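All remarks here apply to the structure that follows.
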Amino acid sequence: MIKLTKASKTGLHGEITVPGDKSISHRALMFGAIADGKTVIDNFLMSDDVMHTMGVFRALGVEINHTESQATVIGKGLTNFKAPSAGLDMGNSGTSTRLLMGLLSKQPFDLKIFGDSSLSKRPLRRVADPLSLMHAQFELTNEEFLPAVIKANNELTGIIYHMPVASAQVKSAILLAGMQADGETTVIEKLPSRDHTERMLRQFGGEIKTEGGVITVKKQPQLNGQHVLVPSDISSAAFFMVAGLITPNSDITIKKVGVNPTRDGVIKLLERMGAKILQNAIPSDGEPLADITIKAQTLKGIEITAADIPSAVDELPILALAATQAVGDTIISGAEELRVKETDRIATVISELTKLGANIEEKPDGMVIHGGTSLHAENGSALLDSHGDHRIGMMNVVASLITEGDVVLTGEEAMSVSYPGFMEDISSIIERDSL
Ligand SMILES: O=C(O)C1=C[C@@H](OP(=O)(O)O)[C@@H](O)[C@H](O)C1
Ligand SMILES: C=C(OP(=O)(O)O)C(=O)O
């Protein structure tokens, strides 16, 4: 349990560099492991989720070394993994589980996979169904969940698959299997989801076609080890953007943030809420990067609909907090995917923010947030809970910056799933009471 602090009247100030992108760090390990030769990954995210992906490849016999922010992978190719001596632990990570179900669906041995209690409640048929159409085989608990077995298999066949949900994890699982399948594999997306897998396959020397929402991959010849520079994670930066916007008198800059257009929905939505966000582009050979500067300012309520969700899916909890401070209502719809994240994030956002006096109505596919509430701990003190969900933990910490009264947070260890140093970084921009 930790005590949280309100920011002083002088606000939040300074420059901050948030850690490397979680989605890209997972994928850099995966492509590094299946490539030939050495891959060096800079600004690598050393968080619990990514460590579980690393643990999987080590158990498969891949040599991986790391310092604080760099990982080196000695690739083995796709066909030289060794059979692990125990089940593979996915921890809390949906990305590891779903992408690896695709990537490891053509190995000569069974692979047992398991995860923590939250991950064991998250749906897997969304990847198992299309992968089974490709002739991969799985045994899922109650036909949906972990623990599961990826069955030994020596045949994959390409498919054409219309995505029923907007999900980069589903798309990536199919593409990672498609790279090993006979014939062509085509995924058709209604709404664009993050395209890090496609970009990274190209960087590693592979071929993939993207035309509108139609993405096609064939069996890949050998991929070659690369140098990957991981951008700082926009999903982590989002907590500082909102902190800077809602904490009076703040002025902060977040350095070298990944602003891939399939990920930057949080910036676009905050701009629709009236925020002025300065983006200073930084030249990059890979994923687009920018320094982002924000100052405290008044926001207005907006409507967020299904088309807005994929590029901001992990940022909706912190956007909901921003909406409590806006003038007018913010209506979020088409966001039912939030119900199957580390927690049901519609329920946990509402449960936590209402403890601080927020006025939010629950909807099956979203919420209506009535703006203009001044946050305060009921009866002077509030006990907030991460519910084992890193993004809910960090949303609570940012909420406490503008909350009157004593606030404590339990379950704070969840933050290390994506951002182990979050509390230190927040402290570094809080100006202690000088007034
Ligand atoms: O592909 C990825 O790296 C991710 C995709 C998203 O999940 P969905 O594909 O389930 O939307 C996101 O919520 C998750 O944090 C990371
Ligand atoms: C949903 C998330 O991750 P994952 O699906 O990998 O557990 C997240 O990081 O918010």
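A Cβ is built for glycine as well, from the same backbone N, Cα and C atoms used for every other residue.
Since the structure is predicted, the reported quantities are computational estimates derived from the model, not experimental observations.
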Same-site phosphoenolpyruvate binder from ARG58, ARG202, ARG345, given that TrEMBL records LYS22, GLY94, ARG122, GLN169, ARG391: ARG345
Cα proximity to SER23 (3-phosphoshikimate binding site), best match among binding-site residues GLY94, ARG345, ARG391: GLY94
Listed recorded positions among LYS22, ARG27, SER167, GLN169, ASP314, LYS341 whose Cα sits within 10 Å of GLY94 (phosphoenolpyruvate binding site): GLN169, LYS341
Helix, strand or coil at LYS22 (3-phosphoshikimate binding site) [DSSP, three-state]: helix
Site extent for 3-phosphoshikimate (largest Cα pair distance over LYS22, SER23, ARG27, SER167, GLN169, ASP314, LYS341, Å): 19
Of LYS22, SER23, ARG122, GLN169, ARG345, ARG391, binding-site residues neighbouring ligand 1, Cβ under 6 A: SER23, GLN169
Neighbouring C-beta atoms (10 Å sphere around the C-beta of ASP314 (active site, proton acceptor)): 24
